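The annotation [4Fe-4S] cluster binding site is assigned in Swiss-Prot to 22, 25, 29, 57 on the grounds of sequence analysis. Per Swiss-Prot, domain '4Fe-4S Mo/W bis-MGD-type' is recorded for 15-71.
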């Protein structure tokens with residue numbers, strides 16, 4: 001091998017280092033891309049980036065192989081005339097032809113019935129733009145992948161504490177002493193969390209992981225607590241009961257910062273039963289909780305306005321107000337609810353011994369009580385009380401999809417929020433800390449459209465396609481209480497479906513329920529494979545026809561970077577760029593990368609020109625918005641407003657003159673303003689000069705207690721993050737849920753649920769968290785199907801993005817079913833055998849591996865490693881297709897017909913969260929002589945026009961050999 005130092009610059013070639021933001025997962029680390037003669041040769045972490053500080057993972061460094069993947073789409077494609085959908089029979093067309101097709105079709109739909117156009121996207125990180133496009137077009141049928149991912153986590157915590165894990169908050173491991181992680185796979189939060197856990201353990205912190213599987217983060221935990229899937233709520237409620245019984249809750253925190261002491265009307269005969277008693281009745285603003293409630297003061301032994309100086313409210317007891325109204329503090333109601341949830345009750349449900357549950361509760365409670373943190377930071381609360389320091393209780397939690405992806409996930413996550421609250425850990429040192437733009441009011445201000453009248457020809461929606469209902473009047477239903485959206489979000493079936501129900505879109509569109517559509521536009525959403533449930537049947541729906549020969553879903557547009565399984569079914573294919581070829585924003589209007597100490601947003605700036613005819617999806621939307629003359633994309637005379645996407649990002653404002661746009665940094669003509677300021681024509685250049693990231697560090701006095709921090713709330717209002725500088729009281733007791741329950745009981749005027757759904761709403765909209773068995777288990781013979789089945793993301797793969805990656809395939813080219821040896825022993829098969837995994841909905845054949853690191857009643861596998869033959873540029877006989885498998889084949893997207901409806905989604909009844917972890921299976925050995933290949937198999941997908949036929953010279957590159965010798 002030759003020494004590169006001995007070569008001249010002319011032999012080495014032109015070497016450049018360019019900075020941008022990674023997109024190999026949702027972590028969005030800063031990266032440096034090293035190029036030689038315009039080709040990517042190395043990617044490393046940017047040491048000057050506040051998020052990852054130079055650290056990079058296997059995914060991030062493998063972005064080279066994503067860039068040069070043979071799975072790349074490079075030209076717009078149209079299904080050939082006479083060819084059947086699903087056959088991948090395409091012809092190349094120009095972008096002018098593609099835009100003309102879309103403009104003609106979408107303009108006609110917008111002029112006649114905008115809801116016949118549906119736009120659904122995957123993990124795209126640009127929902128502020130896609131949501132804006134849908135609103136401006138006038139279609140309610142829009143959502144991203146959240147309903148399929150972790151909407152229960154977002155909704156469950158935001159409706160409880162005003163913020164959530166992941167982008168909007170997380171564990172303060174810098175100061176925590178006890179860290180409890182529940183239901184979190186290896187991909188979530190990635191580098192920053194790994195770095196934080198490493199430092200936490202070096203400082204002697206104790207790490208407990210609660211998970212059915214011990215992989216990834218759990219493997220480095222001090223204690224692994226295996227739990228049966230879907231029973232986390234039972235554990236959390238039992239722990240909370242123990243903490244209350246032992247008096248280990250933070251009374252001062254509960255009184256001052258939560259609704260624990262607020263008096264709730266306790267008279268089931270009244271129509272306002274379960275609502276807070278209000279000292280004055282008036283029309284409430286849309287999005288803050290007025291401080292017009294009462295406490296029961298122990299000194300005067302009577303009612304008093306909340307936060308009266310010197311008041312000492314009671315948390316327990318039953319009282320009668322002077323007007324005869326019986327009331328209880330909401331904490332009393334919580335305590336009564338928890339009486340049934342003993343450790344002995346929870347033990348057989350969770351598989352965790354009662355003594356362990358008691359020990360965990362004691363450990364959390366004592367740590368929070370006895371190891372308090374005090375920081376010398378002065379701050380002033382909303383009631384003008386000045387504090388000399390910020391205090392904290394050093395117990396931190398982190399949780400994700402393991403809790404969320406169940407039909408009981410919303411109430412489970414409400415239970416987690418209540419536990420975190422009674423321990424006094426919210427936005428305090430060592431506990432949970434918010435990230436801008438959160439905290440927000442409970443619930444946040446935006447609301448969905450209110451009814452069918454919101455959808456009008458050639459008119460934007462009167463609300464956002466997605467929002468945060470606070471009462472039945474906020475639902476998006478017709479006069480009969482039935483859904484207006486295609487996915488039935490914001491209907492009485494799933495009232496708080498704040499992220500939509502992507503997983504039911506194809507089924508509903510195929511059935512024409514609640515109505516037929518014309519055009520389904522999918523971006524980066526592999527909805528014919530791993531981004532759906534009941535995959536075999538969904539693929540059939542995409543090709544199903546009416547008796548007259550027309551497709552039941554008339555027109556399908558797919559925009560993607562790669563030849564995914566879904567591309568085969570498209571009528572029109574739009575080739576997206578890679579993340580190294582485009583401008584992109586990770587915006588405060590969307591899902592930013594903020595830190596605990598203040599807002600952070602970032603950008604991607606092209607380091608390479610687009611491959612072939614690829615065009616960024618963002619450019620596609622700006623172009624379509626201009627052609628369709630959508631108001632946000634055009635001037636008053638209908639002329640085009642923005643040259644392109646970068647111009648749109650610089651000059652767009654949320655309202656004329658608001659000074660608030662997609663990017664927070666370097667605003668104002670001279671780039672000297674932040675968060676709010678007039679457009680800066682040099683904004684992109686300033687981001688490029690500053691590591692592609694903007695980090696605004698708040699004053700220390702604004703960094704904690706932000707729900708009630710006067711300085712922070714006024715700052716947040718001034719910079720457009722919230723509308724009102726009002727305290728954001730934590731909701732131990734949810735009056736929002738009680739309003740829906742009262743409507744279901746017929747005790748509330750206005751919108752009422754259809755009769756078939758009254759019992760469903762009354763049951764699941766409980767204002768206090770409760771545990772119930774996952775819905776699918778009620779319709780499944782659990783004796784025949786005794787095992788829970790799960791998937792999780794491996795550390796080296798993210799969704800289905802990376803199975804075409806030449807480097808990462810060497811780590812995961814196929815997946816196994818992992819299970820306890822006890823299952824194999826009972827069923828007569830051995831480690832490595834071919835087995836069948838069967839549910840009531842379908843079955844898959846795969847190879848198994850025994851593992852002691854799994855709860856004995858659970859089987860699991862890596863998600864999205866299995867691929868359809870020929871997809872993603874892989875050979876039809878690739879391991880991903882022959883040995884890899886997809887568990888989605890055995891998961892139903894709908895529940896069996898029952899009293900609440902014939903076609904209810906297999907989802908959480910509150911949020912519509914896909915319940916893909918609820919599935920029950922049995923596992924048995926494949927018969928001798930069966931093919932040693934996974935099942936089901938599908939017809940191989942041929943290589944598409946524009947895909948590379950062979951791998952380029954870049955894959956033969958050897959470090960240390962430069963210039964022409966490497967070619």
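Residue 1 is the first one shown; counting continues down the chain.
Just so you know, glycine gets a Cβ as well, placed from its N, Cα and C.
Residue 57 ([4Fe-4S] cluster binding site) falls outside any helix or strand according to DSSP and counts as coil. As a summary of secondary structure, the domain '4Fe-4S Mo/W bis-MGD-type' (15-71) carries 9 helix, 21 strand, 27 coil according to DSSP. A sphere of 10 angstroms centred on the C-beta of residue 57 ([4Fe-4S] cluster binding site) encloses 20 other C-beta atoms. Packing around residue 29 ([4Fe-4S] cluster binding site) is summarised by its Cβ count: 26 other Cβ atoms lie within 10 angstroms of its Cβ, all protein chains included. One residue stands out among the binding-site residues 22, 25 for having the most other Cβ atoms within 10 Å of its Cβ: 22.
Taken as a whole, the domain '4Fe-4S Mo/W bis-MGD-type' (15-71) shows an average pLDDT of 95 in this prediction.
Excluding the listed site residues 22, 25, 29, 57, the same chain places 24, 27, 28, 31, 52, 56, 59, 60, 190, 191 with Cβ atoms within 8 Å of the centre of the [4Fe-4S] cluster site Cβ atoms.
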